[in-house]
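Taken from TrEMBL as is:
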SIGNAL    1-23  signal peptide
DOMAIN    100-257  domain 'Histidine kinase/HSP90-like ATPase'
BINDING   E107, N111, D155, M160, N168, 174-176, 195-200, T247, R459  ATP binding site
REGION    293-332  region 'Disordered'
COMPBIAS  311-324  compositional bias 'Acidic residues'
REGION    487-509  region 'Disordered'
COMPBIAS  487-502  compositional bias 'Basic and acidic residues'
REGION    773-815  region 'Disordered'
COMPBIAS  802-815  compositional bias 'Basic and acidic residues'
Amino acid sequence: MKKCTVPSVLFLVCLLFLLPDQGRKLHASAEDDSEELVDPPKVEDRIGAVPHGLSTDSDVAKREAESMSRKTLRSNAERFEFQAEVSRLMDIIINSLYSNKDIFLRELISNASDALDKIRFLSLTDKEVLGEGDTTKLDIQIMLDTDRKILSIRDRGIGMTKEDLIKNLGTIAKSGTSAFVEKMQTSGDLNLIGQFGVGFYSVYLVADYVEVISKHNDDKQYVWESKADGAFAISEDTWNEPLGRGTEIRLHLREEAGEYAEESKLKELVKKYSEFINFPIFLWASKEVDVEVPANEDDSSDKEDEKSETPSEEDGSDDDTEKGDDEKKSKTKTVKEKTYEWELLNDVKAIWLRSPKEVTDEEYVKFYKSLAKDFSDEKPLAWSHFKAEGDVEFKAVLFVPPKAPHDLFESYYSGNKSNLKLYVRRVFISDEFDELLPKYLSFLKGLVDSDTLPLNVSREMLQQHSSLKTIKKKLIRKALDMIRKIADEDPDESNDKEKNDVEATDENDEKKGQYTKFWNEFGKSIKLGIIEDAANRNRLAKLLRFESTKSNGKLTSLDQYIKRMRSGQKDIFYLTGVSKEQLEKSPFLERLIKKNYEVIFFTDPVDEYLMQYLMDYEDKKFQNVSKEGLKIGKDSKGKELKEAFKDLTKWWKGILAGENVDDVKISNRLADSPCVVVTSKYGWSSNMERIMQSQTLADAKKHAYMRGKRVLEINPRHPIIKELQARVAKGPEDKSVKQTAELMYQTALMESGFVLSDPKDFASRIYGSVKNSLNIRPDATPEEEDEVEETKAESSVQEGADSAKEDDRDVKDEL
């Protein structure tokens, strides 16, 4: 046993020496002597000046070009293995986690901004960390090599040491910012998105080989490189130009990611996602300029020959001077030349980070036009700039646009596009969050920038979190206050005589009529808000505007209506219909107007739905004057009239038994009309019936139970009603009296806004009444046409047609 044990032990020891430990650093031997760099020359101390001091000698440029195009890990670099689960996780990140490739640039710019934030924070206590010259410029530079499809993003931030590169880029979701915050427990700008967390690995959506060149003040310049294949390499950088301080990321783009090698695409992404980053973002962009260059010899010789052939009329010094000028001009020509220069991509400042007192109106207007991409000359109607503190901190700027978009309600319930953009620390996240603002306020434009919102690993969407509900509540309150302020500052909205007597100022003139303009554009949205948002229904009701019998063609509010209410009036009267002109002639208003009551006109189809939710306001109930239950003071003769016309109402109800009439009553709302048809209190009004019947998918059977029961109300003081009462007392079975009663009901039904179920029957009754008034026998019928005459007429018409055809033929023959 002992003899067998010793060899086996020796064998195991040998295996332990031969097999490397997982995670141990591996030094790769050179596979090819030609790839090994032996003592490469260093960059000269003083280099030529180019934009931002980026310059190298020719040898260094050659080696750098070779480095950028090799896409292989250097043989003399130290190789490291990613953590055990990193390879699998990177595959998930690249193929599943991110749904939008565009966000890779957002992530890299965000990381660069964080690095700049860090060095700026450290410079508050130690200015020497910024260095001298170009290294003090805190900006982000983007360069593009279209031919090689290499995209570079550079910053002059804090940079990373060799150890930082291993920790931050070799560990999934390792955030350098979190460690920075833990280290710096003092006050300062510590609200930073994690540098080189999971977001960094989004680069492999568009690149198959990545280089990270970084220089920290406390270490040398190093290069991190990886192909996302489970390993990365780090080596000291002796061939690239010295960064001074900061980080440069080079993406070797995939073949299918060719669109990101275009300047226009990069500009679009920066404008969309990183427009409000707190540091300037520059792109090394190309443009064509006109340049004067020497003309070709052939061209100049031709011009000289032409000049020699043309004789001059006069010889003199003036001619010689002119010829000399012509010769100078002919020696040069203008051509288009392609040049490159740094172009600033984010010139719009993040004004929401400043105090509202420091921002001028011109800056708000400029910011709105940039945010909303509105290039018209009109200003926003209002804006609100505020900061919320507490459990959830955020800053927001909201704008009311001057006009409603043409498709505001086309996809009201199906679309998820919002005009409110969500930012996290000035980085755009999304504009598709229904939880930030309700649908009825989707016309508002603006942004929300939060420092405390939790983000998922891809930063592409917010998790369902209670903080969203808190933000939504505050945004709604601020939005409604902003709209209310438009009305409060509008001189036309005030009925205060003292305010109207004050001398008008330019500011008042500018704000005059602003709320009317707002209401004409977005009034329907406020009505939908009353329907949908029960919690803010009273706030929204204050914003409601309408015309009434006393508004004199102008818009009025519920508060103004209540101020004008008569003493003892308990209800707010309103009437719905197609138009104001039609409602003004409605029989429902006759007695109300005579008694000086004000009635609101609702002419929008959505108003019918609105009034089903807006039941009361300031302890005042709403009363539709076309329905039962209307109370207008007290009538001293009410009981007497009811008793006096008891027989007529009973008889009339029997006549209309087949017309779906529930009752016939004495009316308290009529003054000039003989009768009117009203509906039950909780059923559909005549206007609502019309709206529902016009629906494309309307089902008459399903709507039957919602139709209100009809009640015929008669005016006991009208001469027609009095005469009808007398005739019914003499002969209740008289057919002519019955026909008159039925005709009056149908006329009242039509005048009250209902659609007649049998228009033919109504027309027949009208014609019968006309015959009676003209003393024509009821059985009189139209005369029949003579068939012979009709045939002759047809033949004459045919002859005329034939002669016309012959005339046309003659004209054609002549032509």
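Here the Cβ of each residue, glycine as well, is placed from N, Cα and C on the backbone.
Structure with TrEMBL features highlighted.
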| residue | record | Cβ within 10 Å |
| --- | --- | --- |
| E107 | ATP binding site | 24 |
| D155 | ATP binding site | 28 |
| N168 | ATP binding site | 24 |
| G199 | ATP binding site | 26 |
| T247 | ATP binding site | 27 |
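For the domain 'Histidine kinase/HSP90-like ATPase' (100-257), the mean pLDDT of the prediction comes to 80.
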